[in-house]
Amino acid sequence: MKIFNKGKLKEADEFTIKEQNISSDELMERAAIQLFGWLKTQLKENRPKINLFCGIGNNGGDGLALARLLLNDGYEVEVYIVNFSDKRSDDFLLNLKRLKEHQFWPEFINENSDLPELNQGEIVIDAIFGIGLNRPAEGWIKELIQHINQSKSYVIAVDVPSGLYLDKAPEVPEAIIKAETTITFQLPKLVFFLPETAEFAGRVEIADIGLDQNFIAKTASEALLIQQHDAQRLYKPRGKFSHKGTFGHCLVAGGSYGKMGSVLLATKAALRVGVGKVSALIPKCGYDILQLGIPEAMVITAENEKFLEKTTIDFTPESICFGIGAGKEEATKEYLEQLLKERTAPLLIDADGINILAENQELLNYLPEKSILTPHPGELKRLLGEWEDDFDKLEKAKAFSLKYKVIVVIKGAYTITIADKNLYINSTGNPGMATAGSGDTLSGIIAGLVAQGYDATIAAVFGVYLHGKAGDLAAEKLGFEAVIADDLIQHLGEAYKSLFE
Ligand SMILES: NC(=O)C1=CN([C@@H]2O[C@H](COP(=O)(O)OP(=O)(O)OC[C@H]3O[C@@H](n4cnc5c(N)ncnc54)[C@H](O)[C@@H]3O)[C@@H](O)[C@H]2O)[C@H](O)CC1
Ligand SMILES: [K+]
């Protein structure tokens with residue numbers, strides 16, 4: 001699903017009004033009908049008091065239209081107009097008139113008003129600011145927002161939590177609504193998926209207001225949210241007459257004394273994701289561990305007992321996963337350097353492989369095009385240096401990805417894959433996956449997909465999706481806390497099957 005910025009959302013809005021020959025308030029009515037339908041479904045027979053806070057722009061207009069629908073249905077409603085300016089939008093005014101025609105008079109509040117009482121068990125609808133926010137909320141509006149946040153009412157934001165920008169980091173986080181749920185129109189917004197801003201939105205629901213599908217389809221977006229149907233399209237079915245040679249040979253090179261489990265996990269994950277063959281290349285001390293731990297894999301050992309070093313292998317793999325549990329010995333660095341320069345196979349570099357690159361930045365220039373790097377936030381910082389906020393982080397990571405023509409997978413709650421200026425935001429996964437070895441399995445999955453012939457970007461995006469889905473399926477059975485990395489591997493088969501459910 002595409003993610004548009006503010007400018008493109010407004011264009012979609014205008015295009016739809018022209019194309020469908022409707023007035024802008026009809027679009028607002030659709031938005032309100034969606035909000036109303038969602039609320040009614042959620043509330044079932046319950047009839048809590050609903051306090052609507054409406055700004056004076058179109059977000060406020062949505063709130064007023066919703067208030068009318070709620071009143072018509074007999075809900076107990078209080079409407080507060082957050083009267084911060086006289087520059088009211090036309091559709092706000094129209095909906096205010098309609099509300100008055102229903103003999104309902106909202107309460108206008110300003111800096112001299114008392115803060116309204118908001119109680120537990122009541123609902124707050126936040127329709128103060130939408131995507132039109134152009135400066136932080138200040139003064140009494142900030143106080144009102146804080147009052148709403150401190151109340152025990154259930155807060156539902158219309159389109160975006162008021163005070164949250166779509167395209168930059170918050171300047172005053174205390175002046176942003178913290179919603180339990182955000183009902184956003186038509187398309188998800190990038191800020192709902194970034195660590196510093198996601199918490200303001202809470203649970204996100206997308207309401208279809210019928211914006212023109214052709215416009216959405218033909219307009220380039222800066223980001224994509226990868227959901228089930230997107231992932232399904234990336235899947236390549238296995239041919240009936242295929243054999244193990246069809247699905248490639250993946251080399252997992254890593255491990256050091258005490259960290260052999262990571263290679264075991266990546267190797268298993270590569271096999272479970274469907275690769276034909278996997279060879280693990282490890283220091284000598286890991287031989288028994290690998291052979292006993294995963295009989296399906298082949299094992300090659302380096303000369304050294306405890307760490308990885310240059311080793312000649314007598315086959316050409318379809319992909320190489322380098323760096324997990326590898327340590328940063330000089331000999332290991334030299335081996336990575338050789339792999340980078342030889343360019344024998346597509347490379348995925350993780351963990352200490354990334355740390356070696358960060359400490360020897362001259363090596364970055366040898367990264368083969370479309371190599372995949374899978375840093376967690378700490379590794380990313382070592383690679384890119386400090387960033388100011390999430391937007392700055394994304395800009396820096398994008399610049400890095402463009403400069404070296406590589407794919408960067410920023411691991412986190414919503415893992416973001418960056419390739420060719422595009423952002424692919426993953427929708428699967430859960431906090432149960434914050435566990436040792438989870439990243440190692442992801443590396444094995446992605447390298448395993450590359451070896452099977454998936455394009456590197458697709459392998460990264462699809463692999464991240466499958467990994468997250470396996471985590472969701474594992475957590476469903478086990479609960480978040482009990483999920484361990486091996487469970488992710490165990491659920492890969494079900495993750496594949498779920499693509500078509
Ligand atoms: N996307 C769609 O297709 C639809 C969107 N709808 C809703 O419209 C809003 C966007 O409305 P807009 O009038 O452009 O802006 P806002 O209501 O968000 O705010 C406007 C108002 O507030 C002023 N302002 C901005 N920041 C501040 C501030 N910090 N302090 C004081 N005043 C501020 C600004 O200058 C404007 O005057 C969208 O989110 C949807 O909810 C449609 O209803 C349906 C179609
Ligand atoms: K809002």
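Sequential numbering from 1, following the chain as shown.
Cβ from N, Cα, C; glycine included.
The following features are taken from TrEMBL:
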| type | residues | note |
| --- | --- | --- |
| DOMAIN | 9-217 | domain 'YjeF N-terminal' |
| BINDING | 58-62, 130-136, Asp159, Gly325, His376, Asp440 | (6S)-NADPHX binding site |
| BINDING | Asn59, Asp126, Ser162 | K(+) binding site |
| DOMAIN | 227-499 | domain 'YjeF C-terminal' |
| BINDING | Lys411, Gly412, Ala413, Tyr414, Thr415, Gly439 | AMP binding site |
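The structure, with features from TrEMBL marked on it.
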residue	record	CB count, 10 Å
Asn59	K(+) binding site	26
Asp126	K(+) binding site	30
Ile131	(6S)-NADPHX binding site	24
Leu133	(6S)-NADPHX binding site	21
Ser162	K(+) binding site	28
Gly412	AMP binding site	17
Ala413	AMP binding site	15
Tyr414	AMP binding site	21
Thr415	AMP binding site	27
Gly439	AMP binding site	24
Tell me which binding-site residues (Asp62, Arg135, Asp159, Lys411, Tyr414) have a Cβ under 6 A from ligand 1; sequence order is fine.
Asp62, Arg135, Asp159
Radius 10 Å, atoms counted are CB only; among the binding-site residues Asp62, Asp159, which position scores highest?
Asp62
How many Å separate the Cα atoms of Asn58 ((6S)-NADPHX binding site) and Ser162 (K(+) binding site)?
13
If you check the binding-site residues Asn58, Asn59, Asp62, Ile131, Ala413 one by one, which have a CB less than 6 Å away from any atom of ligand 2?
Asn59
In the same chain, outside Lys411, Gly412, Ala413, Tyr414, Thr415, Gly439, whose C-beta lies within 8 angstroms of the Cβ mean position for the AMP site?
His376, Ile410, Ile416, Asn426, Gly429, Val464
Among Gly60, His376, the binding-site residues in question, whose Cβ has the most other Cβ atoms within 10 Å in this structure?
Gly60
Would you kindly give the Cα-Cα distance separating Ser162 (K(+) binding site) and Arg135 ((6S)-NADPHX binding site), rounded to the nearest Å?
11
Quick one: which residues besides Asn59, Asp126, Ser162 have a Cβ within 8 Å of the K(+) site's Cβ centroid, in sequence order?
Phe53, Gly55, Gly60, Gly63, Ala127, Ile128, Phe129, Gly130, Ala157, Val158, Asp159, Val160, Pro161, Gly163, Ile177
Binding-site residues compared (Arg135, Lys411) - the one with the fewest other Cβ atoms within 10 Å:
Arg135
Given the binding-site residues Asp126, Lys411, Tyr414, Thr415, Gly439, tell me which ones have a C-alpha lying within 10 Å of the C-alpha of Gly60 ((6S)-NADPHX binding site).
Asp126
Of all the binding-site residues given, namely Asp62, Ile131, Leu133, Asp159, Ser162, which is spatially nearest to Tyr414 (AMP binding site) at the Cα level?
Asp159
Note the mean pLDDT of the domain 'YjeF C-terminal' (227-499), expressed as a whole number.
97
Could you check which of these binding-site residues, Asp62, Leu133, Ser162, His376, sit within 10 Å of Gly412 (AMP binding site), going Cα to Cα?
His376
Quick one: give me the count of other CB atoms within 10 A of the CB of Asn58 ((6S)-NADPHX binding site).
24
Among the AMP-binding set Lys411, Gly412, Ala413, Tyr414, Thr415, Gly439, as the record gives it, the longest Cα-Cα distance in Å:
14
Can you grab the distance from Asp62 ((6S)-NADPHX binding site) over to Asp126 (K(+) binding site)? Cα atoms, rounded to a whole Å.
10
